[in-house]
Amino acid sequence: MHAWPASEVPVLPGKGRDLRIHDTATDGLITLDPGPVARIYVCGITPYDATHMGHAATYNAFDLVQRVWLDTKRQVHYVQNVTDVDDPLLERAARDDIDWVALAEKETALFREDMTALRMLPPRHYIGAVEAIPGIVPLVERLLASGAAYELEGDVYFSVEADPDFGKVSRLDAATMRLLSAERGGDPDRAGKKNPLDPMLWMAAREGEPSWDGGSLGRGRPGWHIECVAIALDHLGMGFDVQGGGSDLAFPHHEMGASHAQALTGEFPMAKAYVHAGMVALHGEKMSKSKGNLVFVSALRRDGVDPAAIRLALLAHHYRADWEWTDQVLQDAVDRLGRWRAAVSRPDGPPAEALVEEIREALAHDLDAPAALAAVDRWAALQEERGGTDEGAPGVVSRAVDALLGVAL
């Protein structure tokens, strides 16, 4: 599976700061020092509907992570998956009387278009769950052989009790885990499981649903969590720098993934930092495909909204914050974009070197994009009020905003 084209990232003079970022597992800021190649895995979409603002906010957060690392002159090895076979996808395809493969391909193509328009840097490896199945099957077989997994009526489940570190990623109590498991794709009430929280590793073939050869497992398809583990271990190995996604992935997805990896390798954690973006709401409720309360990136683009304004609307909120999408949020972003473009369109302006350092410092401190935007606002206001004589300043600002914030002026 291919990703989307990359936009060129300007190289800024000097060197950026090392990233200090909030780690869910420790509930605190940690400083990441990846070495010459930073490794990041971000959980991708289930392609049964278009990219909404909640998706965009999540991928914007981890695009900033990449940009901070690139500014420190590191290479970035970024991997993202696509859950291109899953119950919601199959259910939507059946509802709309469309082939599930065609639906997945259509929505994945639209996602690529949205990411390109928003100038999100693409992953080096963009891997679908289906294409990863040949690598998933041996992992499930290993877990069975080690006793970390068991069979139940043809299905294979992971035993959370096989992981002595289970629970350390999300830091939730058992009752909350059980509640969230039921809400987020688990089956805690299924009879015969050793522990209600045990997640499925391999689903035996169901009539009328797609299935693949699972070797000794029989025909079926993989569970959600083992898909990401297989892809991450194959392309990044253990101990990569960041595993990212929305805050609703901390449990069960990232918790279970860490447990699978621990049982397979004997190492913990799978990622040095578990980083989670906040939720975006509309009319008081979290944007959700199941609820249908969505604002789509593609719809805004069709309505003529500049993608740079959409990106600024996302950047106006700290990545970990929960916030609400409103018409005013978008209008504020449109107005800000206009002010910034007017400011950099002049032939000269106030000195900008200090501004570049302010943006760098803001982003290095847990991706504080609102602080970075405020710094650019101050420079733009100064430009409007009294201008300046530095002939290179507007270009410096334009390149810094492009390189660090992903906004083309």
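Yeah, the Cβs are placed from backbone N, Cα and C, and that goes for glycine too.
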Next item on the list: Have a look at 31-35, 211-215, 286-290 and point to the one annotated motif ''KMSKS' region' in Swiss-Prot.
Entry: 286-290
Next item on the list: Kindly point out the range from 45-55, 67-77, 331-341, 342-352 that Swiss-Prot annotates with motif ''HIGH' region'.
Entry: 45-55
Checklist line | CYS43, CYS228 bind Zn(2+) per Swiss-Prot; candidate in HIS2, HIS253, HIS276 listed for that same site | finding: HIS253
Checklist line | Where Swiss-Prot places motif ''ERGGDP' region' among the ranges 183-188, 243-248 | finding: 183-188
Checklist line | Residues from the same chain, set at least six apart from the ends of the motif ''KMSKS' region' (286-290), whose C-beta lies under 8 A from its own | finding: 48-49, 52-54, 88, 279-280, 322, 325
Checklist line | Those residues of the chain, 6+ apart, with a Cβ under 8 Å from that of SER247 (L-cysteinyl-5'-AMP binding site) | finding: HIS276, ALA277, GLY278, MET279, ARG320, ASP322
Notebook entry, point to check: Is any of the binding-site residues ILE45, THR58, VAL82, VAL280 within 10 Å of CYS228 (Zn(2+) binding site) (Cα-Cα), and if so, which, in sequence order?
Noted result: VAL82
